[in-house]
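Visitor: Sending over a structure as structure tokens; questions will come in a sec.
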Amino acid sequence: MHRSGGTLGILLGLGAGLAFGVGGVFVKPLLESGWSPGAAVLARISIAAVLLAVPGLLALRGDLRPLWRAKWTILLYGLVAVAGVQFFFYASLERIPVSMTLLIEYLAPIALVLLAWVRTRRLPQRVVLAGSVLAVVGLVLVIGPGGGDLDVLGLTFAALAMIGVCVYYAIGESAARQLPPIALIAAGFVVGAVGLGIAGATGLLPMELAFEDVGFLGAEVPWYVPLLAVGVVSTAFAYVAGIAAIGRLGSRLAAFLGLSEVVFAAIAGWVLLGESLGLLQILGGVLILAGIVCVKLERREPEAVVELGAEPVPAARRPA
């Protein structure tokens, strides 16, 4: 690997982690001012869809046939891995801290390990088993003795977001063979936006908006400022930076760098929102991250896999 390319890849990976990590902080003022999670997600992915439409078409070089051939993958990606993950992520943010939502979402790799174990009946490597145990113990600490005042529904929403992240990982390899990553992301955003729009128009999903000034980064600003921030920075830029990091570093190292999202989210939530975790919850978060690192140390042949982040993202994930 060329040194300059590796350095740029690391910077892009950390940039994606930071962009995803502050996404919850950017959107929380909107949720607190009266925006429903469905409306916030629809606005966010619509902004990103507009921004990435042209790059996505350029990646296809004018040939739209791959989109049709991958239609079921795109539908699953857009409705579950984009719209579903972000909706449940935002719904969780209304009830529990940003960093805790992300920690639960990051259990997705562990869930996939357990699912593969059940389906194949092949015992995972010891480092994977050790990582899974660490992550489960960490989750118990996060939602256990130190988290007795946590909202059960918020935890449930975070778990549903994690399931959506699992779907992203599950379809990632086949999607990478069918479409350029940026084309998949752009198409997924369009499908997710259309799906949420239909759900809102038919009354299946509440779409509540509030066009009043909100507190954002210590100042009162118009409602569209945090909305543009989350759409441009924490969605469009974050996904593109994640893709670029994977291209320069490979999926495994890029995914490892994506773990920085949890750290950035915790710091941003503490500094900007005044959210804090108890000692046991912090210890649990450390164990969850340690477990995920162990899982990613599994020895295997290199794969061309698109990785996701917090809300679902290519650099690590959030997905969100």
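Quick reminder: no glycine exception, Cβ is built from N, Cα and C everywhere.
All TrEMBL annotations are machine predictions without curation.
Pasting the relevant annotations from TrEMBL:
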type     : residues : note
DOMAIN   : 8-143    : domain 'EamA'
DOMAIN   : 153-295  : domain 'EamA'
TRANSMEM : 7-27     : transmembrane segment
TRANSMEM : 39-60    : transmembrane segment
TRANSMEM : 72-90    : transmembrane segment
TRANSMEM : 96-118   : transmembrane segment
TRANSMEM : 127-146  : transmembrane segment
TRANSMEM : 152-171  : transmembrane segment
TRANSMEM : 183-203  : transmembrane segment
TRANSMEM : 223-246  : transmembrane segment
TRANSMEM : 253-273  : transmembrane segment
TRANSMEM : 279-297  : transmembrane segment
Visitor: Against the transmembrane segment (72-90), which of these stretches has the most C-beta pairs under 8 Å: 7-27, 39-60, 96-118, 279-297?
Guide: 39-60
Visitor: Taking 7-27, 223-246, 279-297 as candidates, which has the most Cβ pairs under 8 Å with the transmembrane segment (39-60)?
Guide: 223-246
